[in-house]
Structure formats: structure tokens, C-alpha cells
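Per Swiss-Prot, the feature dCTP binding site maps to Lys111, Ser112, Thr113, Tyr114, Ala115, Arg116, Thr135, Leu136, Glu137, Gln156, Tyr170, Gln180. Residues or ranges marked as active site, proton donor/acceptor in Swiss-Prot (evidence: sequence analysis): Glu137.
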Amino acid sequence: MSIKSDKWIRRMAEQNGMIEPFEPGQVREAAGHKIISYGTSSYGYDIRCAPEFKVFTNIHSTVVDPKNFDEKSFVDMHGDYCIIPPNSFALARTVEYFRIPRNVLTICLGKSTYARCGIIVNVTPFEPEWEGYVTLEFSNTTPLPAKIYAGEGCAQVLFFESDEVCETSYKDRGGKYQGQRGVTLPKT
């Protein structure tokens, strides 16, 4: 299993629709202002956060249960940025839609710009033949409100190609998050 380069990522995105929309270079500026970078890097792809958020709240004092998740635990927000309360978290989704090849697994790591501010971005691996918009989890580990930005980079996806094709892919087993479109809450 080897990590894939910018050339491979570009080819797979442009010829096979692996990432849509796709940015072949690194974008570091928009409308004359510096932004948190996104697009193709040497050995990965920096994904962007879309302008739809679900911010965790304790207004209804429900129990957090991944097997029986109460949607009232979140407040929906839309905009160019989102403020996460202290010691809380928000869910978002990527701007990009992914189609992962059968012989590829990805690992996604939060960008250091956010990590250095106490904002942790968590994403599980994208499994072989998974496709959809990626649900992102932003944890504010600080005692202060934290700001995250839509349309800017938030995490980097690393692509690993196996030397053999898997026997059973995510699509084959009917994965519960296959084809997800918006910010997707826990499912069992």
C-alpha cells in the first residue's frame, strides 16, 4: 500500500470524477484576502467546509446516544462561518463530493491551522467504493468560542492505493453512509 501523489490525485479527479468540484492547485487567497488553503497538495487533497452546520447544544438536555440520536441536540446554521461554543462541537460537510476507487482507502487529518487554535477536525477513513459528501466534526477544545470558516480548507485527505483489490467494498456491504448528501447524523 502506497501513498498517492498530486499527479495521481489530479488524474483520478479529472478522468474518473474522484473529487468534485476539484481544485488542481493550492488556493491560498480569495477576493484579495488570505484564507485557509484548499486543493491539491504534494501527497493529499485539502478539503473545504460547506456553509451548512449543525452546532451541538444542551438546550433540550437530551442524552447523547449514538444508537438513538436525538436531532434536537443540534441547532442548524448556514453562513460563511460558524461559531462553536466553548468545549462543544459542530458538524459540517465538505464542498467536495468523493468517489473512492475499489483499491483505495483514505485517511483524513485536520489542518494544523485549526489544531493550533484548539479546534480539532475529525473524519473517519473513506473506505473503498464509498461515495458522498464527507461529514466533518469540529471539536472546540478551548474554554472560548471558536470560529470555523465555510469555503476554506479544514482537513487533508491522504490516498492509499492497495497492491490488491479488496474482496468486499463499502458499497458491496451496503454501508449506511453511502451516497450521503448533507450533514449526516449517526445511524445504526
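Any Cβ shown, glycine's included, is placed from N, Cα and C.
Structure with Swiss-Prot features highlighted.
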| residue | record | Cβ within 10 Å |
| --- | --- | --- |
| Lys111 | dCTP binding site | 19 |
| Thr113 | dCTP binding site | 15 |
| Ala115 | dCTP binding site | 13 |
| Thr135 | dCTP binding site | 20 |
| Glu137 | dCTP binding site | 17 |
| Tyr170 | dCTP binding site | 21 |
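As a whole number, the greatest separation of Cα atoms within the dCTP-binding residue list Lys111, Ser112, Thr113, Tyr114, Ala115, Arg116, Thr135, Leu136, Glu137, Gln156, Tyr170, Gln180 is 33 Å.
Secondary structure at Thr113 (dCTP binding site), taken from DSSP and collapsed to helix, strand or coil, is helix.
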